[in-house]
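These features come from Swiss-Prot:
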type	residues	note
BINDING	G8, R11, R91, R137, R140	CTP binding site
BINDING	G8, R11, R91, R137, R140	ATP binding site
BINDING	D21, D23	Mg(2+) binding site
DOMAIN	228-329	domain 'HD'
Amino acid sequence: MKIYLVGGAVRDALLGLPVKDKDWVVVGATPQEMLDAGYQQVGRDFPVFLHPQTREEYALARTERKSGSGYTGFTCYAAPDVTLEEDLQRRDLTINALAQDDDGHIVDPYQGRRDLDNRLLRHVSPAFSEDPLRVLRVARFAARYAHLSFRIADETLALMRDMTAAGELEHLTPERVWKETENALTTRNPQVFFQVLRDCGALRVLFPEVDALFGVPAPAKWHPEIDTGIHTLMTLSMAAMLSPNVDVRFATLCHDLGKGLTPKALWPRHHGHGPAGVKLVEQLCQRLRVPNEIRDLAKLVAEFHDLIHTFPILQPKTIVKLFDSIDAWRKPQRVEQIALTSEADVRGRTGFEASDYPQGRWLREAWLVAQAVPTKEVVEAGFKGAEIREELTRRRIAAVANWKERRCPKPEA
């Protein structure tokens with residue numbers, strides 16, 4: 001029996017990055033030998049065991065053979081005669097097909113170290129095309145390592161295009177698509193994930209609402225980048241700089257979906273694109289089974305982001321109504337989330353990346369003022385039932401009006 005550290009732990013250590021999770025491959029062992037050694041079996045489809053002390057995963061070396069459609073259509077063979085090289089060959093990318101033995105020696109049968117040095121994401125074998133989930137995984141790795149200047153090998157991108165054209169992505173479940181997307185949204189450069197999907201044709205299949213934005217122009221005065229798809233990815237990039245929050249990043253991705261519905265005759269203007277985009281956000285989230293909290297924020301951002309931009313001319317009544325509409329009284333975090341997405345929208349434009357966004361500060365300040373109006377005083381004043389809400393709203397409007405007069409500059413005539 002020989003045990004090897006494999007995959008991401010070896011890859012990240014060679015890149016000088018922190019190693020989070022460790023996975024191990026066991027060569028030359030049987031399931032019974034693992035059980036006798038105190039390991040706990042957890043794998044149903046193939047033998048995976050948990051170490052009795054560390055609880056890290058140890059998998060018996062195995063091969064995989066395509067036996068059906070999609071990413072689940074595989075037959076696994078795990079036995080003592082499966083070699084380490086055979087196990088590594090089934091992996092997606094050469095940089096993930098690395099192993100390390102007890103002495104620290106790196107086993108590299110598929111030139112993974114060379115590709116690490118060359119910052120290249122390259123598939124191990126033609127079997128890559130048997131698993132459509134790998135299209136999303138490669139896009140996610142491209143986003144994860146974009147800051148290290150990794151790129152996808154031409155032949156790998158060509159294979160991803162072929163897989164997409166062959167309809168392989170249609171076998172992916174919504175849950176797996178969302179999980180990969182969610183993981184990609186946590187990376188330093190989530191916009192790269194969606195750009196790669198577009199490069200291989202997968203964006204049109206999995207995110208048609210986002211893909212439809214490319215080629216849709218916006219007024220050059222406000223959007224020097226002109227193309228709404230490009231603006232969307234720039235905005236997502238900016239959101240990633242402003243917040244680690246997946247909710248904020250996903251909402252930013254969806255903020256301009258309504259522009260994809262504007263008739264060409266009306267281009268480059270997109271009047272009413274915010275409310276129009278809400279249905280598309282709902283459609284996308286329902287299809288991918290996006291968690292409700294993330295979906296709800298994305299819908300609110302689509303509807304109200306342009307309103308935030310006009311903050312200096314908003315009436316106090318409108319500001320308080322906005323807080324009502326986003327349910328800020330029960331979910332105050334939404335004020336900060338919407339301020340950040342609106343800022344990302346403004347700064348996600350060519351030449352505006354370093355722009356100040358005072359509207360975000362004013363929104364936060366107005367919220368603190370409105371929130372500070374005590375409900376207790378309204379009740380103690382004798383108001384009852386529906387009157388309480390009406391009076392509380394009136395006082396909030398008055399407080400915001402007083403603050404706005406002092407703190408928020410009046411727009412130029």
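Quick reminder: no glycine exception, Cβ is built from N, Cα and C everywhere.
On the structure: features taken from Swiss-Prot.
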residue	record	DSSP (3 states)
G8	CTP binding site	helix
D21	Mg(2+) binding site	coil
R91	CTP binding site	coil
R137	CTP binding site	helix
Notebook entry, point to check: If you take the centroid of the Cβ atoms of G8, R11, R91, R137, R140, the listed CTP site, which other residues of that chain have their Cβ within 8 Å of it?
Noted result: G7, D92, L93, I95, N96, F141
Next item on the list: Go through D21, D23, our binding-site residues, and report the one whose Cβ sees the most other Cβ atoms within 10 Å.
Entry: D23
Next item on the list: Mind computing the max CA-CA distance among G8, R11, R91, R137, R140, which the record assigns to CTP binding, rounded to whole Å?
Entry: 16
Check: Of R11, R91, R137, R140, the binding-site residues given in the record, which has the fewest other CB atoms within 10 A of its CB?
Finding: R137
Check: Including all protein chains shown, what's the count of other C-beta atoms within 10 A of the C-beta of G8 (CTP binding site)?
Finding: 18
Checklist line | C-alpha spacing of R137 (CTP binding site) relative to D23 (Mg(2+) binding site), in angstrom | finding: 18
Margin query: Of G8, R11, R140, which is closest to D21 (Mg(2+) binding site) if I measure between C-alpha atoms? They're all binding-site residues.
Written below: G8
